[in-house]
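What TrEMBL says about this one:
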- 1-435: domain 'Major facilitator superfamily (MFS) profile' (DOMAIN)
- 47-64: transmembrane segment (TRANSMEM)
- 76-95: transmembrane segment (TRANSMEM)
- 102-124: transmembrane segment (TRANSMEM)
- 171-187: transmembrane segment (TRANSMEM)
- 235-256: transmembrane segment (TRANSMEM)
- 268-289: transmembrane segment (TRANSMEM)
- 310-331: transmembrane segment (TRANSMEM)
- 337-365: transmembrane segment (TRANSMEM)
- 377-398: transmembrane segment (TRANSMEM)
- 404-426: transmembrane segment (TRANSMEM)
Amino acid sequence: MSDTDVEICANKRHSSPYTSNPVDENHEPLPATSALMKEFNIGRTKAILSETLYMLGLAFGPMIMAPLSEFIGRRWLYLVTSSSIIAFAGGSGAARNFATLLICRFLCGFLGSAGIAIGAGTSLDVWGMGKAGGLARLLFICGPFLGPSMGPLAGAYVMHEHNGDWRWTQWTVALIGAPIWIMILFMKETSDFRIQYEEKHSGRFGIVRLALSTLKAAVLRSVTMLTTEAIAFSLTLYTGYAYAVIFSFFASATYVYSIDYEFNSRQIGLSFLSVAIGYALAAVMYMIVDSTLYARAVRQAPNGRPAPEHRLYAAMAGSIFLPIGLFWYAWEAHQGGHWAAVVASGIPFGLGAFVLFLSSMIYLVESYGAGAAASALAANGSIRYLLGAVFPLFTIQMYEKLGIHWAGSVFGFLSLALLPIPWILFKFGRRLRQNSRFIPLAPKE
(Lines of atoms letter the chains of each structure in order from A; the text may use other names.)
(Lines give C-alpha, C1' and ligand atoms only; values in the text may rest on other atoms or scores of the structure.)
Protein backbone atom coordinates (compact mmCIF):
# COMPACT_ATOMS: atom_id res chain seq x y z
CA MET A 1 0.00 0.00 0.00
CA SER A 2 1.35 3.40 -0.93
CA ASP A 3 1.57 6.31 1.47
CA THR A 4 -1.32 7.90 -0.40
CA ASP A 5 -3.48 4.84 0.11
CA VAL A 6 -2.75 4.94 3.83
CA GLU A 7 -3.78 8.60 3.76
CA ILE A 8 -7.06 7.78 2.07
CA CYS A 9 -7.81 4.79 4.29
CA ALA A 10 -7.09 6.31 7.69
CA ASN A 11 -8.35 9.75 6.73
CA LYS A 12 -11.69 9.13 5.15
CA ARG A 13 -13.60 9.40 8.38
CA HIS A 14 -12.69 12.98 9.15
CA SER A 15 -13.11 14.20 5.62
CA SER A 16 -16.12 12.03 5.01
CA PRO A 17 -19.02 13.48 3.06
CA TYR A 18 -21.33 11.64 5.42
CA THR A 19 -22.98 14.35 7.38
CA SER A 20 -25.24 14.67 10.33
CA ASN A 21 -28.66 13.96 8.90
CA PRO A 22 -32.19 14.95 9.90
CA VAL A 23 -32.74 11.94 12.14
CA ASP A 24 -33.89 11.58 15.69
CA GLU A 25 -31.34 12.80 18.22
CA ASN A 26 -31.19 9.33 19.74
CA HIS A 27 -29.46 8.20 16.57
CA GLU A 28 -25.72 8.66 16.46
CA PRO A 29 -24.71 10.62 13.34
CA LEU A 30 -21.41 9.97 11.67
CA PRO A 31 -19.31 12.13 13.95
CA ALA A 32 -16.44 13.69 11.98
CA THR A 33 -18.36 16.06 9.71
CA SER A 34 -20.76 16.81 12.52
CA ALA A 35 -17.79 17.63 14.77
CA LEU A 36 -16.37 19.99 12.14
CA MET A 37 -19.72 21.74 11.83
CA LYS A 38 -19.92 22.30 15.57
CA GLU A 39 -16.30 23.32 16.16
CA PHE A 40 -16.02 25.76 13.27
CA ASN A 41 -19.68 26.84 13.27
CA ILE A 42 -20.20 25.99 9.60
CA GLY A 43 -22.90 24.32 7.53
CA ARG A 44 -22.89 20.86 6.05
CA THR A 45 -21.74 21.87 2.56
CA LYS A 46 -18.79 23.85 3.93
CA ALA A 47 -17.79 20.94 6.14
CA ILE A 48 -17.70 18.69 3.07
CA LEU A 49 -15.21 21.10 1.44
CA SER A 50 -12.55 19.42 3.56
CA GLU A 51 -13.16 16.25 1.56
CA THR A 52 -13.66 18.08 -1.73
CA LEU A 53 -10.32 19.92 -1.61
CA TYR A 54 -8.51 16.74 -0.64
CA MET A 55 -9.97 15.00 -3.69
CA LEU A 56 -9.13 17.97 -5.91
CA GLY A 57 -5.53 17.65 -4.76
CA LEU A 58 -5.60 13.99 -5.79
CA ALA A 59 -7.14 15.02 -9.13
CA PHE A 60 -4.51 17.56 -10.17
CA GLY A 61 -1.42 16.17 -8.48
CA PRO A 62 -0.77 13.16 -10.75
CA MET A 63 -0.58 15.38 -13.85
CA ILE A 64 2.59 16.86 -12.37
CA MET A 65 3.93 14.03 -10.22
CA ALA A 66 4.10 11.36 -12.94
CA PRO A 67 6.36 13.20 -15.43
CA LEU A 68 8.31 14.81 -12.59
CA SER A 69 9.27 11.41 -11.20
CA GLU A 70 11.11 10.51 -14.38
CA PHE A 71 13.58 13.35 -13.81
CA ILE A 72 14.03 13.86 -10.09
CA GLY A 73 13.61 10.13 -9.48
CA ARG A 74 10.88 8.09 -7.86
CA ARG A 75 12.73 7.65 -4.57
CA TRP A 76 13.16 11.38 -3.99
CA LEU A 77 9.56 12.07 -4.90
CA TYR A 78 8.35 9.38 -2.51
CA LEU A 79 10.59 10.77 0.22
CA VAL A 80 9.52 14.40 -0.18
CA THR A 81 5.81 13.71 -0.56
CA SER A 82 5.61 11.18 2.29
CA SER A 83 7.28 13.77 4.52
CA SER A 84 4.70 16.30 3.36
CA ILE A 85 1.82 13.96 4.15
CA ILE A 86 3.05 13.58 7.71
CA ALA A 87 3.51 17.33 8.07
CA PHE A 88 0.18 18.40 6.60
CA ALA A 89 -1.81 15.60 8.25
CA GLY A 90 -0.39 16.82 11.53
CA GLY A 91 -1.24 20.37 10.49
CA SER A 92 -4.81 19.34 9.71
CA GLY A 93 -5.16 17.86 13.16
CA ALA A 94 -3.71 20.96 14.80
CA ALA A 95 -5.76 23.45 12.73
CA ARG A 96 -7.47 26.10 14.84
CA ASN A 97 -9.49 27.61 12.01
CA PHE A 98 -11.28 26.16 9.02
CA ALA A 99 -9.12 27.91 6.41
CA THR A 100 -5.98 26.26 7.80
CA LEU A 101 -7.70 22.89 7.72
CA LEU A 102 -8.71 23.33 4.07
CA ILE A 103 -5.19 24.35 3.00
CA CYS A 104 -3.63 21.38 4.78
CA ARG A 105 -6.19 19.00 3.34
CA PHE A 106 -5.59 20.18 -0.23
CA LEU A 107 -1.82 19.90 0.15
CA CYS A 108 -2.21 16.42 1.66
CA GLY A 109 -4.11 15.35 -1.43
CA PHE A 110 -1.92 17.16 -3.96
CA LEU A 111 1.43 15.99 -2.59
CA GLY A 112 0.10 12.63 -1.49
CA SER A 113 -1.06 11.92 -5.04
CA ALA A 114 2.52 10.95 -5.88
CA GLY A 115 1.84 7.47 -4.52
CA ILE A 116 -1.07 7.05 -6.92
CA ALA A 117 0.71 8.69 -9.85
CA ILE A 118 3.94 6.67 -9.81
CA GLY A 119 3.11 3.51 -7.88
CA ALA A 120 2.25 1.53 -11.01
CA GLY A 121 5.42 2.82 -12.67
CA THR A 122 7.49 1.66 -9.71
CA SER A 123 6.03 -1.84 -9.91
CA LEU A 124 6.80 -1.85 -13.64
CA ASP A 125 10.40 -0.78 -12.92
CA VAL A 126 10.88 -3.59 -10.41
CA TRP A 127 8.82 -6.51 -11.74
CA GLY A 128 8.20 -5.68 -15.39
CA MET A 129 5.16 -6.94 -17.28
CA GLY A 130 5.36 -10.53 -16.00
CA LYS A 131 2.93 -12.29 -13.68
CA ALA A 132 4.65 -10.95 -10.56
CA GLY A 133 4.30 -7.41 -11.89
CA GLY A 134 0.65 -7.99 -12.70
CA LEU A 135 -0.03 -9.16 -9.16
CA ALA A 136 1.86 -6.19 -7.71
CA ARG A 137 -0.16 -3.75 -9.81
CA LEU A 138 -3.41 -5.50 -8.89
CA LEU A 139 -2.62 -5.09 -5.19
CA PHE A 140 -1.61 -1.48 -5.79
CA ILE A 141 -4.86 -0.66 -7.60
CA CYS A 142 -6.82 -2.04 -4.65
CA GLY A 143 -5.56 0.84 -2.49
CA PRO A 144 -7.62 3.72 -3.91
CA PHE A 145 -10.72 1.52 -3.76
CA LEU A 146 -10.20 0.01 -0.32
CA GLY A 147 -9.39 3.43 1.17
CA PRO A 148 -12.87 4.93 0.73
CA SER A 149 -14.44 1.61 1.79
CA MET A 150 -12.42 0.93 4.93
CA GLY A 151 -11.76 4.56 5.91
CA PRO A 152 -15.22 5.22 7.38
CA LEU A 153 -14.94 2.08 9.51
CA ALA A 154 -11.42 2.89 10.73
CA GLY A 155 -12.29 6.53 11.35
CA ALA A 156 -15.43 5.71 13.31
CA TYR A 157 -13.49 3.52 15.73
CA VAL A 158 -10.64 6.06 16.01
CA MET A 159 -13.11 8.76 17.01
CA HIS A 160 -14.93 6.42 19.37
CA GLU A 161 -11.68 5.56 21.16
CA HIS A 162 -10.78 9.26 21.47
CA ASN A 163 -14.15 10.53 22.71
CA GLY A 164 -15.28 11.95 19.39
CA ASP A 165 -12.16 14.04 18.74
CA TRP A 166 -11.90 14.36 14.93
CA ARG A 167 -8.29 15.56 15.20
CA TRP A 168 -7.15 12.03 15.95
CA THR A 169 -8.24 10.92 12.48
CA GLN A 170 -5.49 13.20 11.16
CA TRP A 171 -2.87 12.41 13.76
CA THR A 172 -3.43 8.71 13.10
CA VAL A 173 -2.48 9.33 9.47
CA ALA A 174 0.74 11.02 10.57
CA LEU A 175 1.54 8.15 12.94
CA ILE A 176 0.98 5.58 10.19
CA GLY A 177 3.05 7.63 7.76
CA ALA A 178 6.13 7.77 10.01
CA PRO A 179 7.25 4.12 9.64
CA ILE A 180 6.46 4.28 5.91
CA TRP A 181 8.80 7.27 5.61
CA ILE A 182 11.53 5.28 7.38
CA MET A 183 11.10 2.41 4.89
CA ILE A 184 11.39 4.84 1.97
CA LEU A 185 14.78 5.97 3.33
CA PHE A 186 16.13 2.52 2.47
CA MET A 187 14.45 2.38 -0.93
CA LYS A 188 16.65 2.44 -4.04
CA GLU A 189 15.98 4.48 -7.16
CA THR A 190 14.03 2.47 -9.76
CA SER A 191 13.59 4.92 -12.66
CA ASP A 192 15.88 3.81 -15.50
CA PHE A 193 15.91 7.28 -17.04
CA ARG A 194 17.01 8.90 -13.79
CA ILE A 195 19.68 6.28 -13.13
CA GLN A 196 21.14 6.64 -16.63
CA TYR A 197 21.03 10.45 -16.46
CA GLU A 198 22.94 10.51 -13.18
CA GLU A 199 25.61 8.28 -14.72
CA LYS A 200 26.11 10.69 -17.64
CA HIS A 201 25.54 14.12 -16.10
CA SER A 202 26.48 15.81 -12.88
CA GLY A 203 24.75 19.17 -13.51
CA ARG A 204 21.27 19.95 -12.24
CA PHE A 205 20.13 22.85 -14.41
CA GLY A 206 19.81 20.81 -17.59
CA ILE A 207 17.52 18.29 -15.97
CA VAL A 208 15.38 21.06 -14.47
CA ARG A 209 14.79 22.60 -17.90
CA LEU A 210 14.13 19.17 -19.38
CA ALA A 211 11.68 18.34 -16.59
CA LEU A 212 9.73 21.58 -17.09
CA SER A 213 9.44 21.12 -20.85
CA THR A 214 8.41 17.48 -20.45
CA LEU A 215 5.88 18.42 -17.78
CA LYS A 216 4.22 20.91 -20.13
CA ALA A 217 4.15 18.38 -22.96
CA ALA A 218 2.70 15.66 -20.69
CA VAL A 219 -0.14 17.88 -19.47
CA LEU A 220 -0.99 19.03 -22.99
CA ARG A 221 -0.95 15.46 -24.30
CA SER A 222 -3.28 14.27 -21.53
CA VAL A 223 -5.77 17.03 -22.31
CA THR A 224 -5.50 16.38 -26.06
CA MET A 225 -6.10 12.65 -25.64
CA LEU A 226 -9.10 13.26 -23.43
CA THR A 227 -10.71 15.61 -25.96
CA THR A 228 -9.85 13.84 -29.23
CA GLU A 229 -9.55 10.11 -28.48
CA ALA A 230 -12.84 8.20 -28.35
CA ILE A 231 -11.30 5.28 -26.46
CA ALA A 232 -9.66 7.44 -23.80
CA PHE A 233 -12.68 9.72 -23.41
CA SER A 234 -15.33 6.99 -23.16
CA LEU A 235 -13.45 4.86 -20.65
CA THR A 236 -12.45 7.92 -18.61
CA LEU A 237 -16.09 8.97 -18.47
CA TYR A 238 -17.26 5.49 -17.45
CA THR A 239 -14.57 4.67 -14.88
CA GLY A 240 -14.75 8.22 -13.52
CA TYR A 241 -18.48 7.87 -13.00
CA ALA A 242 -18.13 4.44 -11.39
CA TYR A 243 -15.50 5.76 -8.99
CA ALA A 244 -17.50 8.88 -8.11
CA VAL A 245 -20.60 6.79 -7.44
CA ILE A 246 -18.61 4.92 -4.79
CA PHE A 247 -18.35 8.18 -2.84
CA SER A 248 -22.03 8.95 -3.37
CA PHE A 249 -22.88 5.39 -2.31
CA PHE A 250 -21.03 5.86 0.97
CA ALA A 251 -22.39 9.39 1.47
CA SER A 252 -25.96 8.20 1.07
CA ALA A 253 -25.38 5.29 3.45
CA THR A 254 -25.45 7.69 6.40
CA TYR A 255 -28.87 8.88 5.35
CA VAL A 256 -30.25 5.43 4.52
CA TYR A 257 -28.90 3.42 7.45
CA SER A 258 -29.55 6.14 10.04
CA ILE A 259 -33.17 6.69 9.06
CA ASP A 260 -34.33 3.21 8.07
CA TYR A 261 -32.17 0.99 10.29
CA GLU A 262 -31.03 3.26 13.16
CA PHE A 263 -27.35 2.40 12.65
CA ASN A 264 -24.65 4.25 14.56
CA SER A 265 -21.40 5.38 12.93
CA ARG A 266 -19.51 2.15 13.63
CA GLN A 267 -22.34 0.00 12.29
CA ILE A 268 -22.47 2.13 9.14
CA GLY A 269 -18.72 1.67 8.72
CA LEU A 270 -19.09 -2.09 9.12
CA SER A 271 -21.77 -2.15 6.41
CA PHE A 272 -19.12 -1.07 3.89
CA LEU A 273 -17.37 -4.41 4.29
CA SER A 274 -19.83 -5.77 1.72
CA VAL A 275 -18.34 -3.42 -0.88
CA ALA A 276 -14.84 -4.65 0.02
CA ILE A 277 -16.08 -8.22 -0.47
CA GLY A 278 -17.23 -7.14 -3.92
CA TYR A 279 -13.72 -5.82 -4.64
CA ALA A 280 -12.23 -9.17 -3.64
CA LEU A 281 -14.66 -11.03 -5.89
CA ALA A 282 -13.80 -8.62 -8.71
CA ALA A 283 -10.11 -9.49 -8.40
CA VAL A 284 -10.98 -13.20 -8.48
CA MET A 285 -13.25 -12.69 -11.50
CA TYR A 286 -10.54 -10.78 -13.34
CA MET A 287 -7.97 -13.52 -12.72
CA ILE A 288 -10.42 -16.21 -13.86
CA VAL A 289 -11.24 -14.29 -17.06
CA ASP A 290 -7.53 -13.70 -17.64
CA SER A 291 -6.69 -17.39 -17.31
CA THR A 292 -9.63 -18.62 -19.43
CA LEU A 293 -11.09 -16.27 -22.04
CA TYR A 294 -8.00 -14.14 -22.50
CA ALA A 295 -5.68 -17.17 -22.42
CA ARG A 296 -7.77 -18.73 -25.21
CA ALA A 297 -7.42 -15.52 -27.24
CA VAL A 298 -3.64 -15.68 -26.75
CA ARG A 299 -3.54 -19.26 -28.06
CA GLN A 300 -5.64 -18.34 -31.09
CA ALA A 301 -3.69 -15.18 -31.99
CA PRO A 302 -1.18 -15.75 -34.85
CA ASN A 303 1.65 -14.03 -33.00
CA GLY A 304 0.49 -14.80 -29.47
CA ARG A 305 -0.62 -11.18 -29.04
CA PRO A 306 -4.41 -10.89 -29.21
CA ALA A 307 -6.18 -7.60 -29.84
CA PRO A 308 -6.42 -5.39 -26.72
CA GLU A 309 -10.21 -5.65 -26.93
CA HIS A 310 -9.97 -9.12 -25.41
CA ARG A 311 -9.06 -7.34 -22.16
CA LEU A 312 -12.62 -6.00 -22.03
CA TYR A 313 -14.34 -9.29 -21.15
CA ALA A 314 -14.29 -8.46 -17.44
CA ALA A 315 -15.38 -4.86 -18.07
CA MET A 316 -18.43 -6.10 -19.96
CA ALA A 317 -19.38 -8.25 -16.97
CA GLY A 318 -18.75 -5.34 -14.62
CA SER A 319 -21.04 -3.08 -16.64
CA ILE A 320 -23.90 -5.45 -15.77
CA PHE A 321 -23.12 -5.90 -12.07
CA LEU A 322 -22.81 -2.14 -11.43
CA PRO A 323 -26.46 -1.19 -12.14
CA ILE A 324 -27.66 -4.37 -10.43
CA GLY A 325 -25.98 -3.25 -7.21
CA LEU A 326 -27.23 0.33 -7.52
CA PHE A 327 -30.89 -0.57 -8.16
CA TRP A 328 -30.77 -3.24 -5.45
CA TYR A 329 -29.50 -0.65 -2.97
CA ALA A 330 -32.07 1.94 -4.09
CA TRP A 331 -35.18 -0.22 -3.78
CA GLU A 332 -34.33 -2.69 -1.03
CA ALA A 333 -33.84 0.04 1.59
CA HIS A 334 -37.02 0.59 3.59
CA GLN A 335 -38.13 0.77 7.19
CA GLY A 336 -39.05 -2.61 8.60
CA GLY A 337 -36.81 -4.49 6.18
CA HIS A 338 -33.81 -6.50 7.28
CA TRP A 339 -30.55 -4.57 7.19
CA ALA A 340 -28.66 -7.50 5.66
CA ALA A 341 -30.75 -7.35 2.49
CA VAL A 342 -29.66 -3.81 1.65
CA VAL A 343 -26.09 -4.21 2.93
CA ALA A 344 -25.66 -7.17 0.56
CA SER A 345 -26.23 -4.83 -2.39
CA GLY A 346 -22.69 -3.58 -1.84
CA ILE A 347 -21.30 -6.89 -3.15
CA PRO A 348 -22.46 -6.62 -6.80
CA PHE A 349 -21.86 -2.87 -6.67
CA GLY A 350 -18.25 -3.26 -5.52
CA LEU A 351 -17.67 -6.15 -7.91
CA GLY A 352 -18.95 -4.20 -10.90
CA ALA A 353 -17.11 -0.96 -10.13
CA PHE A 354 -13.74 -2.57 -9.43
CA VAL A 355 -13.63 -5.14 -12.23
CA LEU A 356 -14.72 -2.44 -14.67
CA PHE A 357 -11.82 -0.28 -13.53
CA LEU A 358 -9.26 -3.10 -13.62
CA SER A 359 -10.22 -4.23 -17.10
CA SER A 360 -10.37 -0.68 -18.50
CA MET A 361 -6.93 0.29 -17.19
CA ILE A 362 -5.29 -2.77 -18.74
CA TYR A 363 -7.10 -2.09 -22.02
CA LEU A 364 -5.84 1.51 -22.10
CA VAL A 365 -2.25 0.39 -21.48
CA GLU A 366 -2.32 -2.29 -24.17
CA SER A 367 -4.11 -0.05 -26.67
CA TYR A 368 -1.87 2.99 -26.41
CA GLY A 369 1.43 1.44 -25.39
CA ALA A 370 3.66 2.50 -22.53
CA GLY A 371 4.26 6.10 -23.65
CA ALA A 372 0.79 7.34 -24.60
CA ALA A 373 -0.88 5.16 -21.95
CA ALA A 374 0.79 7.21 -19.21
CA SER A 375 -0.98 10.33 -20.48
CA ALA A 376 -4.29 8.49 -20.86
CA LEU A 377 -4.06 7.13 -17.32
CA ALA A 378 -3.10 10.55 -15.92
CA ALA A 379 -6.16 12.12 -17.56
CA ASN A 380 -8.30 9.24 -16.32
CA GLY A 381 -7.09 9.68 -12.76
CA SER A 382 -7.67 13.43 -12.78
CA ILE A 383 -11.25 13.11 -14.02
CA ARG A 384 -11.91 10.24 -11.62
CA TYR A 385 -10.92 12.21 -8.55
CA LEU A 386 -12.52 15.40 -9.84
CA LEU A 387 -15.88 13.64 -10.08
CA GLY A 388 -15.23 12.00 -6.71
CA ALA A 389 -14.80 15.48 -5.24
CA VAL A 390 -18.01 16.84 -6.75
CA PHE A 391 -20.53 14.01 -6.29
CA PRO A 392 -20.70 14.08 -2.46
CA LEU A 393 -21.56 17.79 -2.57
CA PHE A 394 -25.07 17.07 -3.88
CA THR A 395 -25.74 13.47 -2.82
CA ILE A 396 -27.46 14.10 0.52
CA GLN A 397 -29.51 16.98 -0.90
CA MET A 398 -30.66 14.71 -3.72
CA TYR A 399 -31.72 11.99 -1.28
CA GLU A 400 -33.61 14.53 0.83
CA LYS A 401 -35.52 15.92 -2.16
CA LEU A 402 -36.14 12.78 -4.24
CA GLY A 403 -36.34 10.19 -1.49
CA ILE A 404 -34.19 7.11 -1.05
CA HIS A 405 -35.66 5.01 -3.88
CA TRP A 406 -35.59 7.54 -6.70
CA ALA A 407 -32.37 9.26 -5.70
CA GLY A 408 -30.62 5.90 -5.76
CA SER A 409 -32.31 5.08 -9.05
CA VAL A 410 -30.81 8.19 -10.69
CA PHE A 411 -27.35 6.66 -10.26
CA GLY A 412 -28.66 3.33 -11.50
CA PHE A 413 -30.15 4.83 -14.67
CA LEU A 414 -26.92 6.72 -15.39
CA SER A 415 -24.99 3.47 -15.08
CA LEU A 416 -27.39 1.89 -17.58
CA ALA A 417 -26.73 4.74 -20.01
CA LEU A 418 -22.98 4.09 -19.77
CA LEU A 419 -23.29 0.28 -19.84
CA PRO A 420 -22.79 -0.11 -23.65
CA ILE A 421 -19.33 1.53 -23.64
CA PRO A 422 -17.15 -1.60 -23.14
CA TRP A 423 -19.39 -3.60 -25.48
CA ILE A 424 -19.08 -0.95 -28.22
CA LEU A 425 -15.31 -0.77 -27.74
CA PHE A 426 -15.08 -4.56 -27.95
CA LYS A 427 -16.76 -4.45 -31.37
CA PHE A 428 -15.33 -1.23 -32.82
CA GLY A 429 -12.15 -0.73 -30.80
CA ARG A 430 -9.83 -1.97 -33.56
CA ARG A 431 -11.21 0.60 -36.01
CA LEU A 432 -10.84 3.38 -33.44
CA ARG A 433 -7.25 2.40 -32.75
CA GLN A 434 -6.39 2.41 -36.43
CA ASN A 435 -7.67 5.99 -36.70
CA SER A 436 -5.85 7.17 -33.58
CA ARG A 437 -3.03 9.69 -33.91
CA PHE A 438 -1.49 8.30 -30.71
CA ILE A 439 -1.30 4.74 -32.05
CA PRO A 440 0.69 5.20 -35.26
CA LEU A 441 0.97 1.51 -36.07
CA ALA A 442 -1.65 -0.91 -34.79
CA PRO A 443 -0.33 -4.45 -34.35
CA LYS A 444 -1.47 -7.16 -36.69
CA GLU A 445 -4.37 -8.99 -35.16
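Positions of Cβ are set from backbone N, Cα and C atoms, glycine also.
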For this session: State the non-local partners of the transmembrane segment (76-95) in its own chain: residues 6+ outside its ends, Cβ under 8 Å from one of its Cβ atoms.
Result: 3-4, 7, 11, 14, 65, 68-69, 101, 104-105, 107-108, 111-112, 114-115, 118, 167-171, 173-174, 177-178, 180-181, 184-185, 187, 189
Seminar exercise, completed: Among 47-64, 171-187, 310-331, 377-398, 404-426, the stretch with the most Cβ pairs under 8 Å to the transmembrane segment (268-289) is 310-331
Exercise. Are the transmembrane segment (47-64) and the transmembrane segment (337-365) near each other by the rule of at least 3 C-beta pairs under 8 angstroms (pairs 6 or more apart)?
Worked result: no
Exercise. Do at least three CB pairs under 8 A connect the transmembrane segment (404-426) and the transmembrane segment (310-331), leaving out pairs fewer than 6 apart in sequence?
Worked result: yes
Problem set entry | Contact yes or no, the transmembrane segment (235-256) and the transmembrane segment (404-426), 3+ Cβ pairs under 8 Å, gap 6+ | yes
Problem set entry | Model confidence over the domain 'Major facilitator superfamily (MFS) profile' (1-435) (mean pLDDT, whole number) | 83
